[in-house]
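Sequence annotations record features per position, and here TrEMBL assigns domain 'Myotubularin phosphatase' to 120-472. Here TrEMBL flags ASN245, ILE246, CYS306, SER307, ASP308, GLY309, TRP310, ASP311, ARG312 as substrate binding site. Residues annotated as active site, phosphocysteine intermediate in TrEMBL: CYS306. Feature annotation from TrEMBL assigns transmembrane segment to 753-772.
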Amino acid sequence: MNSYIKNVQLIGSSECDSNNTIGTLHILGTHLVFKADSSKKEIWIVHTLIASVSKSPSSVNGSQLSIRYKHFLVLIFLIPKDKDCQSIYEALTRCSKLVNISELFAFSLKNDRDGLAPAPWNYLNWNEEFARQGVSNEWKESNFNLNYSYCDTYPEKLWLPEKASTQMLIGSCRSSQPLSGFSARCLEDECLIELIMAANPSSTTLYLIDTRPRVNAMVNKVQGKGFEDSKNYTNIQFHFFDIENIHVVRSSLNRLLEACQRPQLITQYLRAVDASGWLKHLRVLLECSFFIAESIVRGISCVVHCSDGWDRTSQTVSLAQLVLDPYYRTIKGFQTLIDKDWLGFGFKFDDRCGHLGTSSDDNEREVSPIFTQFLDCTYQLMRHKQMAFEFNERFLLELNEQVYSCVYGQFIGNCDKDRKDLRVTTKTLSLWAYMDSRKDDYINPFYNPTADLCLHEGRLQPTSFVVWTNMYNQFDISLHPKEYFLDLANEVNQHRLLLNQLNELKVSSNIFTNSTTLQPYLEAVRKSLEAALCIRQFGSQVVERHNKPEVEIRTSKEVLLCPVTISRNKQERVFIEPSINSVRISIGVKQADEIEKILCNKFSKFMCQRADNFIILRRKPLPGFDISFLITATHSEIMYKQKLIDFLIHFMQEIDKVYISLDYGRYTGFVKSDGSFRLTDIPTGSYIIEAVNVDYVFESLRIDITNKGKIRVRKLNLLQPNAVVTVPYPVKMNALHPKQYFRKREEWRVTDVLMNPMIIMLIVAFLLMMIMPKMAAQDPQMQKEMQSLQLPKMDMPDMADMLANMFGSSSKKGSSGTRKGNFIPKCKTNTSIKFFIIFYS
């Protein structure tokens, strides 16, 4: 089957960059494919992930088709023609409800990969696992269920009390609610319980844990099922836990998804989450698991069962072992735990995950998110003690998706017997092999093998449980970043190890030239930037249109990651400060004054071209560095992460090497280790060739290339263009002088003040004032000339007398009058004053 419809509008999806994307919808035999017309993006989703398909009535714009997937993705298409919409609806309905299990995608995928080497399927070795746990001699291995002869949902190997007989086992398996009714008894079951209690010499008490609510157990007792009668057992304590059945859990998750995926006010959201009861179910599960773990620590054996022994039993027993045993908190241990208590003891993955579907309501009622609930409980434990788990959150998300996708054969079938009959190990691929090949993606960098999960009630308080948004809203990119804190820190730590190895290599060899140290230095910078630039914006910042870089405002330590310093030497280094929504990068270079101008010019020009309104260059660099700039989530989306990294690496190569520029950068060539360079594919013409270096200025040459391929090189003389001075081959370009980017400020000297024109004029005037009166007093002829100049003015009042008469006493006024008598002394007195006035007038 391969049909397609054009002009389909994707109006609801978080897989595309924007809503209302026009494209072509393809329905293949195994996948749904949507290809956008405006870009090369495609959405490929396997049909087995489809949970439901619904079609709305036709409207003026077309018919709306809604597809809900089991891993919580929702796609809404608007199809122009109702006929096409109906055909797509019918096709997807058929593909999502396969009747034959051999039609699953896992069986067809294996045929395309027959050339691959066989991969490990099951990490569980029953003998080795129980030997690791230290099972006592009171227990023995039994092969009574060989070839699944007595119970299809039990493994072929079982460990039982040493005195238990085969007839006793046949009469009591499987561990579920008894079928004794009101008065009947099962002697085999009673004897087996006594032997289990006797196999534990450290305690005379046995806890019989019924995970169902007591009310449900009482109702089942009316139907002839129910629970054990305490009168028939000795030293047995019964404990009931109110863990709801599969129908309540299914309904609870549906209400939670409705609350998470529907836009609403915060009060409505919190009210809807509380009404779903999902967090309450998680708490009850963990309460039961912690009770089992505490009982084992106290040395009391526990027998756990529910209605059938595979849903609530698998959940609580697995979680209890996860709390008790650090091995199960490793990646391989967690896979072993699933192999043992889920796959080995017959959890019905086909029924609970809906791998096969029919029109029967009974089959649909068997579907329930039991395994997803178990993963959610594991996540709640991880939140409170991350160091105790080797795997991270992405490991759990990958598991949840692959359980429903049926791409791998690990979770096909309701029990081990089904998988053996289907020969999944030879016909399908192994999920464990796939996850092992990507193990680095699932490693928790903060893992501490000695960390334990504390058994106390504080971890079971209501405030300890949160909605796992990375699971139920994992495709809503507007709510939270899709790069996880631990994964980002893991990337940074890996690159830090690379830098440590580089430093060790430097110390051991101690002989490094620029050519050998540059490449590892740039490679370390590239890898670190690739890890650090996986940034996303917070949902609130997207909605409120805020752009607050956490690396600078530092409002919360939880969103700040460990900074990384990459050093080539004491001067050349790069300092990367990552956070969840922004990264600040600071660069130190050899010559701060010279390089800062080049960097600013290059980055400013580049950023203005790539981002109109965003300027990431910081005006003030960090102390100890020459330049700093900030990249936020918005910058990385608009300017493209890889292009930013390539530009940085290319620029750092340029400032480290001397390169040859022809025609002002139109053609470039780098200088080799022997000092030679080569430029190729240069067309006919006249060019100016320059050697570009941040330290020195080289002479420029002009190269003339003729049609016949002849080349003439001459010195460039801008003052005398007609002067031709040819340069012989091979061309040598000499350094003229060190490059000066800034004019040096002149130093202050005392002579600078003395040589000032104003100071010189004052000095000359002062000298004239001192010298001229003395010259006039020494020359008699000049005195006579001065006296003759004074005679015509004898009748004029003297200024000094006028001032004395004006401000003096009356007696002095009477004595003043017309000049008479001896006036030569007065003339001598006034000579210097008159010369002074003449000089300045």
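The backbone N, Cα and C atoms fix where each Cβ goes, and this holds for glycine too.
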Model confidence over the domain 'Myotubularin phosphatase' (120-472), averaged pLDDT: 85
Fewest-neighbour residue among binding-site residues, criterion Cβ within 10 Å, set ASN245, TRP310: ASN245
Neighbour tally for ASP308 (substrate binding site), based on other Cβ positions within 10 Å of its Cβ: 16
Cβ neighbours of ARG312 (substrate binding site) where a neighbour is any other Cβ within 10 Å: 27
Pairwise C-alpha maximum, in angstrom, for the residues (ASN245, ILE246, CYS306, SER307, ASP308, GLY309, TRP310, ASP311, ARG312) that bind substrate according to the record: 13
Conformational class of ARG312 (substrate binding site) under the three-state DSSP mapping: helix
Surrounding CB atoms that lie within 10 Å of the CB of CYS306 (substrate binding site), all protein chains: 24
